[in-house]
Amino acid sequence: MLVDSYGRVIDYLRISVTQRCNFRCLYCMPKTPFEWSAKENLLSFEELFMFVKVCIDEGVKKIRITGGEPLVRKDLYKFIAMISEYKQDIDLALTTNASLLKQQAKDLRQAGLKRINISLDTLKEDVAFKLAQKNILKDVLNGIDEALNLGFNVKFNTVALKGINDSEFIDLLEFAKVRKSQIRFIEFMENYHAYGDLKGLKSAEILNIIAQKYSFKQGEKSSNAPATIYELEDGYKFGIIDPHSHDFCDSCNRIRLSAEGLLIPCLYYDEALSIKKAIRNKDIAGACEVLKTVIKNKSEKNRWAENEANQSSTRAFYQTGG
């Protein structure tokens, strides 16, 4: 079992398999030109899996594959299969923009993937183009249909942006509701890579919009989950992830691994240690030591809690998966 200095059990690993993304979303990608990491600097699936085995053997029970956009990395399903074959009851999930999901969903399902979180910020083509800087909505919707048809457990994530998609919250909720999938509205997390004129909505503002049509009550919150759950009168449940108002640091159970091998204790801290050298030397004990050191050094609180006046992250979310 992995336990940090504050008694939190760390049993959730998020793996960013690539920095690359086929979208250029305003709230995530830098406006200025930048370069991707060279391929040789990235850990191979075999190298990532070597570390995954270390984590599972030490008590990790949940793994989420993220990016960038994870489906742009070739043969992702093979990595999924490695993990699910090693530990069949592992809670294994994927976060994706769904644009490439129609072509890959069947292979992912056969590899053992059961749960998918899909970023869905709008149902309007022009808004989707504005956000992603390309025509993507048709591919996203086709990917969603394919995932649901194959029986995946699907959740939707919507970043709440003032003046961009706030008029669609009820439509998005109903889109998810009809498909028997949960939607979570996420407060915009300010970061230095987002376009500077973006403004988010706080949880109270999101709830006020939904209350224009629906009555709801607050449900119970899972101790390790970031979302506060609300229930409509007909029993449908949706979530709000509100890091501005309610951090979940006290129950945080996660660490993050970048595609380059950086093990990151907190999304809002720049501190990280690399497992690359140990893994490429096949030094399993060394990799395990890095894991335990990162967990030991995990902060009690994120920097938002320490400095409300400067609520921006310097870390690129496309490198760590948010």
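The backbone N, Cα and C atoms fix where each Cβ goes, glycine too.
Marked as GTP binding site by Swiss-Prot: ARG14, ARG64, THR95, LYS155, ARG254, ILE255, ARG256. Taken from Swiss-Prot, the feature [4Fe-4S] cluster 1 binding site applies to CYS21, CYS25, CYS28, supported by sequence analysis. Feature annotation from Swiss-Prot assigns S-adenosyl-L-methionine binding site to TYR27, GLY68, SER119, MET189; the stated evidence is sequence analysis. According to Swiss-Prot, the [4Fe-4S] cluster 2 binding site annotation covers CYS249, CYS252, CYS266, on the basis of sequence analysis. What Swiss-Prot records for 5-217 is domain 'Radical SAM core', and it gives sequence analysis as the kind of evidence.
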Mean predicted confidence [pLDDT] for the domain 'Radical SAM core' (5-217): 93
Here the binding-site residues are CYS21, TYR27, MET189, CYS249, CYS266, and the Cα closest to that of ARG256 (GTP binding site) is found at CYS266
Using C-alpha positions only, work out which of the binding-site residues ARG64, THR95, ARG254, ILE255, CYS266 is nearest to TYR27 (S-adenosyl-L-methionine binding site). THR95
Inter-residue C-alpha distance, ILE255 (GTP binding site) and CYS21 ([4Fe-4S] cluster 1 binding site) (nearest angstrom): 22
Could you tell me the maximum Cα-Cα distance in Å between the residues recorded as binding GTP, namely ARG14, ARG64, THR95, LYS155, ARG254, ILE255, ARG256, rounded to a whole number? 21
Where the distance is taken from Cα to Cα, which of the binding-site residues CYS21, CYS25, THR95, ARG254 turns out closest to GLY68 (S-adenosyl-L-methionine binding site)? CYS21
Given the binding-site residues ARG64, THR95, SER119, CYS252, ARG254, CYS266, tell me which ones have a C-alpha lying within 10 Å of the C-alpha of CYS28 ([4Fe-4S] cluster 1 binding site). none
Sequence-distant neighbours of SER119 (S-adenosyl-L-methionine binding site) in its chain (C-beta under 8 A, six or more apart): THR95, THR96, ASN97, ALA98, PHE156, ASN157, THR158, VAL159
